[in-house]
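Quick look at what TrEMBL annotates:
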type	residues	note
ACT_SITE	Ser148	active site, charge relay system
ACT_SITE	Asp226	active site, charge relay system
ACT_SITE	His259	active site, charge relay system
Amino acid sequence: MLEVLREHRAFGGVQAFYRHDSEKIGLPMQFSVFHPPGEKSQMVPVLFYLAGLTCNEETFMIKAGAQRLATQYGIMLVAPDTSPRNTGVAGADGDWQLGHGAGFYLDATEPPWSAHFKMESYVAIELRDLILREFNADEQKVGIFGHSMGGHGALLLALRHPDRFRSVSAFAPISSPMRCPWGHKAFSNYLGDRMQAWQEHDASELMKKRNTPFPEGILIDQGLGDEFLKDQLLPLAFEQACLQANQPLTLRLHEGYDHSYYFIASFIEDHLAFHRKILGG
Ligand SMILES: N[C@@H](CCC(=O)N[C@@H](CS)C(=O)NCC(=O)O)C(=O)O
């Protein structure tokens, strides 16, 4: 059952927050939806946004300034939480890079994480299906984007489920998690030490094995003043993989912009326009 937590009228549409009992996670999960006014009269495209470390289902809706544009472009926006919460797993609290708030959009295979940390199946299957069932969203017009850990999530889920997401873009994504400290910590805890499992959850490694998976292109924005750019994000690894896979990529590097939502808000319109163009109205 879908519980409505809050609804706010915004830009002619409704900003809503929901809770439900997730089958995949085995615990209650919360997510947010911006319903554009156009949804009342026709099926609309839907865009899933995956947030980064320390964020939750509310961060994007508060900080990105996306609702006015979503009304203008007639797109529904959905933002899940970044991990299961209140799992009782030892070590899940107290480290912002692991556990609560740091689910990395994968299905953990290693105990104790494997009991609840199933964010890949949660987002790509359960939540996507729930949104299509409950709301006036068009199954043929589903896109995904995200920031940082959520940028990794967007690229990962799009590459692993190309039948479920037609368009993909990212802000400052962790582009090759198996090659950076954040990814090392997450993968060793959630996936164990098998190199093959790491490769199967690394967007750059996955891309190398594909042939033009998204022929209409991928958009990535990256700030050159981003404090995490050098050690954690590695966009050039993804660019190289796209070259190898014949994948059109627009990688825009922006002088002076950092990792924050001020950067995201500055370029959010281009992302909505990018997805709207691929998905159609
Ligand atoms: N807590 C970390 C920063 C974490 C961080 O920058 N998180 C990004 C995603 S990786 C974010 O979106 N934070 C929420 C915000 O800026 O509102 C620190 O203090 O260095």
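Each residue, glycine too, has its Cβ placed from N, Cα and C.
Keep in mind that TrEMBL annotations are predicted by a computer and have not been checked by a curator.
For His259 (active site, charge relay system), the Cβ neighbour count at a 10 Å cut-off comes to 21, with all displayed protein chains included. Rounded to a whole number, the distance between the Cα atoms of Asp226 (active site, charge relay system) and His259 (active site, charge relay system) is 5 Å. For Ser148 (active site, charge relay system) paired with Asp226 (active site, charge relay system), the C-alpha to C-alpha distance reads 11 Å.
Cβ neighbours within 10 Å of Ser148 (active site, charge relay system), excluding its own Cβ and spanning all shown chains: 25.
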